[in-house]
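J.: Here it is, the structure in full.
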Amino acid sequence: MKNNKKNQVYVWPLCTRFVHWLIALSFTFSFILSFFEHRLNYHVAVGIIFGLMLLYRIIWGFIGPRYATFNTFKLSLSELKFYFVEKIKNRYREIPAGHNPASSWYTLIVLSVGSVIAISGLLLYGIQEAKGYLSVLNDDYYMYSDTLLNIHIYASYTLLAWAFIHIIGVLIEQFYHKTNMVFAMITGYKKAKGEDAELCTPKNIVSYIFLILSVWVFYVILDGTHNPFVKSKFTNIDYKSENDIFYEKCGDCHKIYPPFLLTEKSWIRIMDGLDNHFGEKITDQNISKQEAIVIKNYLLKNAAEHSTREAAVKIVASVKDGRPIAITKTLYWIETHKNIPRSAYSDKKIKDKSNCFSCHKNIEKGNTEDINILYHY
Ligand code: HEC
Ligand code: HEC
């Protein structure tokens, strides 16, 4: 492209601007989406765009056009100090065409913290949610879920704060120093001296590949629950064929509560107290001694301690030495449901907090996936 603008340099070619805005937007959107549990697939889909764009920006740092490559970054501390001294002393100073020392450091930190966020997120999807290709890691590493989640969250807040600093810096450039910084990332032109950035065809192709890849991954993730990118390691359980007696007898008054949602001690307490089961008297006529033994064994074998599902692991941790008689009495359940308004239970379809089935699609088949939470109250 020919640059016929006076006193302006073409610094940011289209793809550099594109990656900049996609990183900003995908981060913002996935941050907001993280507050909506049942939108996990959207969060992941947008998060993957963020990760891919970071990867692309890192590759760009090696092969990209002039001004985008890491070897043009100004990283010495004396340069950084000089930059700020000059900024304070001289309002209308000349600015460099490419990255200044502050924005060099800024970009490096975004790429590092961003990578921590993207990698911990991918690992969480596999290890904690047991979904996608990395779900093979769930068995051996489920105990690191909390650590990973903390890393993911703290890194995200760090990046958010960091982005605000960036925005303030750019606004100071725009309105105080009047360098027209905001528009540089839109038009590509900067009021500075230097040579224009140029982009050869192969590098353009790399950019398009990343663009197509991210759009494709986005659709694949949102596409449903069956493709290997999002497929859960845990499929719905057919309790009837697993244990007919348990299914028939314990599914008589209410739908099945999955055994992995209570610990062994709790199930023992429930099975030893059938004569007063939440106000119901379950007699030998309802469930014979023989059947009760079969059910109890099945429950103990499949109790929370023997599962690597997120809910099971967290229930075991929250119950400690206690033996609550209901899932709704575990600290974990109380914590995860504390934001549900009381008025939800006056809804005829829900009525009671024990009516898990009204808010969790297929929970009676052992499905506790976030995307199956129904917010209909
Ligand atoms: C005679 C009817 C009846 C039968 C049979 C029955 N239950 Fe229940 N169960 C109830 C009632 C009533 C509640 C209270 C919650 C509700 O209203 O659904 C309850 C609650 C529970 C809860 C607590 C849910 C919570 O709030 O966290 C568990 C766990 C449970 N039942 C397990 C079992 C198991 C295991 C069996 C089979 C051995 C069984 N139930 C058979 C009537 C029954
Ligand atoms: C009134 C609707 C409602 C009822 C009833 C309800 N839940 Fe939930 N549940 C939710 C919502 C909403 C969330 C997501 C909370 C959040 O993290 O924002 C949730 C979260 C969960 C989670 C955590 C999911 C995850 O991976 O983060 C589990 C497990 C769960 N519920 C199990 C149960 C069980 C078991 C019952 C019945 C004993 C139950 N729920 C009853 C609405 C309900």
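The backbone N, Cα and C atoms fix where each Cβ goes, glycine too.
Quick paste of what TrEMBL says about this protein:
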DOMAIN    11-188  domain 'Cytochrome b561 bacterial/Ni-hydrogenase'
TRANSMEM  18-36  transmembrane segment
TRANSMEM  43-63  transmembrane segment
TRANSMEM  105-127  transmembrane segment
TRANSMEM  148-172  transmembrane segment
TRANSMEM  205-222  transmembrane segment
J.: Near the transmembrane segment (18-36), which same-chain residues lie under 8 Å Cβ to Cβ, leaving out any that are not at least 6 residues past its ends?
T.: 12, 42-43, 46-47, 49-50, 53-54, 56-57, 60, 110, 114, 156, 159-160, 163, 185, 207, 211, 214
J.: Sort out the residues at least 6 away from either end of the transmembrane segment (43-63), same chain, that have Cβ-Cβ distances under 8 Å to it, and list them.
T.: 15-16, 19, 22-23, 26-27, 29-30, 33-34, 36, 69-70, 111, 114-115, 117-119, 121-122, 125, 203, 206-207, 210, 213-214, 217-218, 221-222, 230
